[in-house]
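Inspection log for the structure reproduced underneath, given as structure tokens.
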Amino acid sequence: MSVKNGLVQLSNLTSMEALTQEEVMGLIKRASAFKAGTAVFELEKQTFASNLFFENSTRTHHSFHIAERKLGLDVLEFDAQASSISKGETLYDTILTLDALGVEICVIRSGVEHYYEELVNSENIHCAIVNGGDGSGQHPSQCLLDLMTIYEEFGKFEGLNIAISGDLTHSRVAKSNMMMLKKLGAKLYFTGPAAWYSEEFDQYGRYANIDRILPELDVHMLLRVQHERHDSSESFSKAVYHSQFGLTQDRAAALKPTAIIMHPAPVNRDVEIADALVECPQSRIVQQMSNGVYTRMAILEAIIAGKKA
Ligand code: CP
């Protein structure tokens, strides 16, 4: 991985930990250039990409597909139910097969944390792996689109007060964002139920009561409550969660007028955030979704550049 003439070159994108600040800023600037209308480079040869989503997705899956098409890639959508995965073929053997067929980029979402390690460490798999989310592990493309959205607003990260709020334990978005935001100089707070906070977050920021820090925040980043990853015996009341930890209209009124509200979506309206706030003037939730296409174009372009290097 490197940056040459301002353009990032990547072999794979599996975790934010693997990216330098220079690479992150290079990807954000390239995504912003695509948003501003910069033309894409013409591909030197036919290049196949495949999207393998083993967990449901709307934003990540479709924005990668659109980004691939905008870059001129040939896209193979992978339907796990209709594939030999349903006959017991492993992910490793599936990627080995797609690689042998000529696929050069595989975008993968899996419920299995670190699924990518055996793929990128294999001597026999040469296609690039782009992580579209691994369980509660990492979600690097979401992190990069979040960073792009924050940078568009403030033009910096250094010194910003950012709260990451909610289902911290189960959130790959929190894991990717906390590490990179801290590296970029932001001051982080974590809020939400104490049961969803653990010592692993201490090195990145401070656990706080949301009502005490709201007036200081530049960014209030809400996380989806991930019921699918919870123990089914855990009791949960949407109304109680909303009143104790959610962004209610009263809490939003305590934010600075310049503060922005973010959420990776899908949103549980009236749980993490009041229904009326999802599309309010301070919300950047829809902008995050749009930025996802440009960010994923920048990621894929960097992967293609990495293959040529
Ligand atoms: N934010 C996000 O990853 O959304 P999807 O699950 O719809 O891709």
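Glycine is no exception: its Cβ is also placed from the backbone N, Cα and C atoms.
Carbamoyl phosphate binding, as stated in TrEMBL, involves ARG59, THR60, HIS139, GLN142, ALA265, PRO266; the candidate among ARG30, ARG109, ARG212, ARG229 given for that site is ARG109. A separation of roughly 14 Å, to the nearest angstrom, links the Cα atoms of ARG172 (L-aspartate binding site) and PRO266 (carbamoyl phosphate binding site). Filtering ARG59, THR60, LYS87, ARG109, ARG224, ALA265 by Cβ distance to ligand 1 (under 6 A) retains the following binding-site residues: ARG59, THR60, ALA265. DSSP classifies ARG59 (carbamoyl phosphate binding site) as helix under the three-state reduction. A simple way to gauge crowding: the CB of ARG59 (carbamoyl phosphate binding site) has 17 other CB atoms within 10 angstroms, across all the protein chains here. Cβ neighbour density within 10 Å is lowest for ARG224 among the binding-site residues HIS139, ARG224.
Compute the center of the Cβ atoms of ARG59, THR60, ARG109, HIS139, GLN142, ALA265, PRO266, which mark the site for carbamoyl phosphate; besides them, the chain residues with Cβ within 8 Å of that center are SER57, THR58, GLY132, GLY133, VAL173, PRO264, GLY292.
In this entry, L-aspartate is bound by LYS87, ARG172, ARG224, whose most widely separated C-alpha atoms sit 33 angstrom apart.
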